[in-house]
Amino acid sequence: MAGCTRKLTHLRKRIHRPRRRTTRRWKRWFKFRKRKGEKRPRPNHKAVARRAKLKFSTSEKLHWPEQELAKKSILNAEDSLIIDNKRSISHLSSGVLKDIFTTGTSSYNVLLQSKEEKKYHSQKQSSSTYSKRCRKPSKSPNTSRSKDPRRMKALVPVTSSGTWYCLERRPAVFVTSSVSSPVKFTHDISVTGNGIVLPPKPKSKVKWCHFSTLPKPKPQLSRSFEKGDDFSGKKFCILTAIKPTNLEKEKLRFFKSDYTYNPQFEYANPALPSVLAKHSHASDRFLKQIVVHLTEDLLSRASMTVVNGCPTLTINVSTAREHWLEGMLRHEIGTHYFRGINNLQQPWNSWTGRKKHELKPNNPTEEGLASIHSVLFRKDPFLWRAALLYYTVYQASQMSFCELFKDIGRFVKDPNTRWDYCVRAKRGWTDTSQPGCFSKDQVYLDGILQILRYRDTIDFHLLTALGKVSYEDVDRLKGLAVTENMRVPHFLQDHGRYMEHLEKIMEVNELTDRELKDLI
């Protein structure tokens, strides 16, 4: 039992007396304990004294005593802990001591800069060069001279005769100043024996900047439309560039003028004149076959009549809206999305690939196919919207905004609906009092009629699987295409039913193969 107590006491002493290099000592202790019949070696008194000196000289807790201690000193020159004065004696000038003790930046210790003035200046230059290289904020001269706390030297006054002790990690050195210091201190410095570890010097947080030669990624724009440049070199989608910024303001002004004021549109990033000129040519190819009348007074959903020898389609707008959402999903998802996904797998998925394989523009096939899918499963699949857009664009190329607004009033009674059609046709133009149009809206009807014209020879399943291609390129590209894992909408799975819906569209809109052959 006594042996156990002795072992526990010994363990407690080891636990409550932490020293430096703990891991190495514990390994050594366990190694000795493993040896059978051998006792733990007793500590070396000289080593204990040496570690005490290191512990004492590494960090000291300094304070200003309240009483006058000018003639008192905790450290004595005859003490055994103060080493002998034969080792590295440093001589400090009074200027260095004055500069050290009058800075006011060291609250706990006073630093010894160097042995000589020359070495001090060289270290200062090297530290300033390093700080510039690291892009650290500027420091005061006092702060820049501070070193690692573990390497600091502390000067402690022992007597009032100009004698100083230099304390560092090595055994303390007795320093005698050859020149008496003219500085008078109101309080002396005393050193306590219980040393604590001084907190490390606070490091200023430096914000590192990363400089890369790579250009920043730009937001991707839609490839479906041409781009317009602004003065800063940025590229914008043509549909974004021609969107007026003062649309609501001009709309109120137009309605207050009783439809006599021609709006003056403004644009944040106007399209280039060359781009507008390319889209300002309207066609009258299908005008003689189209008359559309939108109204809310019609009892039925729609009706087809003949007025003055011209076929007229009358649409009840209020009842037709309930089918728009389903048609919009087939238009955007079932056509544009699926063809876009399939196009990514093909060799012509880039502009370079399209040029290499000599592909024709995907419009009007793209928008014509999407417009057909919008009305594919409707009870009355009228093509009145595509026809009205085609007509409005052509009239806009011949009329001012006010004249166009009055002209389509024959077919559209609601002023807000008429405003929307006129704005679409006049997009990109600043002064709408002049004739001019944005001709993109004509591709819907143009594409519809071309697809219906060649519906018997087009492979619609392959037309979707090949991606963004024209129906004219399908036969030529099918041998080069990647057809595995292609996505096709559900309404194209049954080819027979799909063709029946196309025939119904022809019948409802009173289109015949002979008329289509004459037009196309």
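Even glycines carry a Cβ here, placed using N, Cα and C.
Together with His331, His336, the Zn(2+) site in Swiss-Prot holds one more listed residue from Glu296, Glu367, which is Glu367. Cβ-based crowding with a 10 Å cutoff singles out Glu367 as the top-ranked of the recorded positions Glu332, Glu367. The binding-site residues in question are His331, His336, and the one with the fewest Cβ neighbours inside 10 Å is His336. Listed in chain order, the extra residues whose Cβ falls within 8 Å of the Cβ center of the Zn(2+) site residues His331, His336, Glu367 are Glu332, Thr335, Glu366, Leu369, Ala370, Ser371, His373, Ser374.
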